[in-house]
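Right, one structure below, let's go through it.
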Amino acid sequence: MASSRISLRLVRRFASAAADGTTTAPSSGKISVSKAKSTLRKEHDPDKALKIYANVSDHSASPVSSRYAQELTVRRLAKCRRFSDIETLIESHKNDPKIKEEPFYSTLIRSYGQASMFNHAMRTFEQMDQYGTPRSAVSFNALLNACLHSKNFDKVPQLFDEIPQRYNKIIPDKISYGILIKSYCDSGTPEKAIEIMRQMQGKGMEVTTIAFTTILSSLYKKGELEVADNLWNEMVKKGCELDNAAYNVRIMSAQKESPERVKELIEEMSSMGLKPDTISYNYLMTAYCERGMLDEAKKVYEGLEGNNCAPNAATFRTLIFHLCYSRLYEQGYAIFKKSVYMHKIPDFNTLKHLVVGLVENKKRDDAKGLIRTVKKKFPPSFLNAWKKLEEELGLYSKTDAFPSSAKEAAAA
């Protein structure tokens, strides 16, 4: 409760600054928006995230970075179901003089979508006349994105048809069509997405590589390999700019075939002048893991740096899971420590297997150390499952009690 009061004070002070026509920090600890963006990527505590965002010295210095920082802050709050704080934060921006600028206004619609608060996003879109903000495909796309992020996949086509009829200045562009295509793919109907793509082609509109790749991914996931391969060939014929995302979708499918096929595609990427990334190598590592070839998988992991890549959360999650599956818990714990150093700690379900395995193998100190580390890295609202696991395994003690506030967690 105390942390929530602190958050509301920060938000209200930020709102006052916006009303005064400034976006300066409410406290003396000013930071640049770029620094805030970088720090927020590593910060999971919603109160700390809110404080970082509120202390940005000038949100107008980099609008793109500012939008990203705002969306990260909203996601941290949403993870803890702090919807009231999210509403207060986003509504505070409606006092900003830039509210009449459509790109600025659209960030508010998008942010509500990041929190799956679609009704708020819709209301904000409908309020644009009230604030004297013009509408175009920019705000329309923000609304479609908010709907998509809120997982209202069936509503996206409805909005796509209805909104341009209500507001004649809104003309869907290739981004609008791309969002519509993604909504069909996310709902498991790539065949409808292909129909939309054909409509675009009939109108002479560019079908972006992103749209092609989205359909390709959905087809591979449904096991429609022949249709997917035909679409890939069409992309090549039409001269689409094949990028990492497009190749990684093919690699995702190839991992089910064999590690050798994945390696072939990685080599093909390189021959096309593309640089395989962490996602590419994660699929290769997964292909080895799923076939019990852990030594080969570890070589891929250890070779990431040499390939100018850094492990991400999926890298650590995959490797730790399969090491635990093979009962190699000490190796899993070593990988966990690296994930902490990289600020890429895997999810609870992955680490639960590791903790249980460490305890079963009489590595209780390591198990307690892992849980102690997690306590320091995440806010108390994230830790209920960990507390329950501690008690079940007999690891819980009063001296290791979970912090009752974010402040205590930071001091732990």
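Positions of Cβ are set from backbone N, Cα and C atoms, glycine also.
Quick look at what Swiss-Prot lists:
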- 1-14: transit peptide (TRANSIT)
- 21-37: compositional bias 'Polar residues' (COMPBIAS)
- 21-43: region 'Disordered' (REGION)
- 101-135: repeat 'PPR 1' (REPEAT)
- 136-166: repeat 'PPR 2' (REPEAT)
- 173-207: repeat 'PPR 3' (REPEAT)
- 208-242: repeat 'PPR 4' (REPEAT)
- 243-276: repeat 'PPR 5' (REPEAT)
- 277-311: repeat 'PPR 6' (REPEAT)
- 312-346: repeat 'PPR 7' (REPEAT)
- 347-377: repeat 'PPR 8' (REPEAT)
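Helix first, then strand, then coil: DSSP counts for the repeat 'PPR 8' (347-377) stand at 27 helix, 0 strand, 4 coil. In this model, the repeat 'PPR 7' (312-346) carries an average pLDDT of 96.
Same-chain neighbours of the repeat 'PPR 2' (136-166): 102-103, 105-107, 109-110, 112-114, 116-118, 121-122, 125, 128, 172-173, 175-176, 179-180, 182-184, 186-187, counting only residues six or more beyond its ends whose CB sits under 8 Å from a CB of the stretch.
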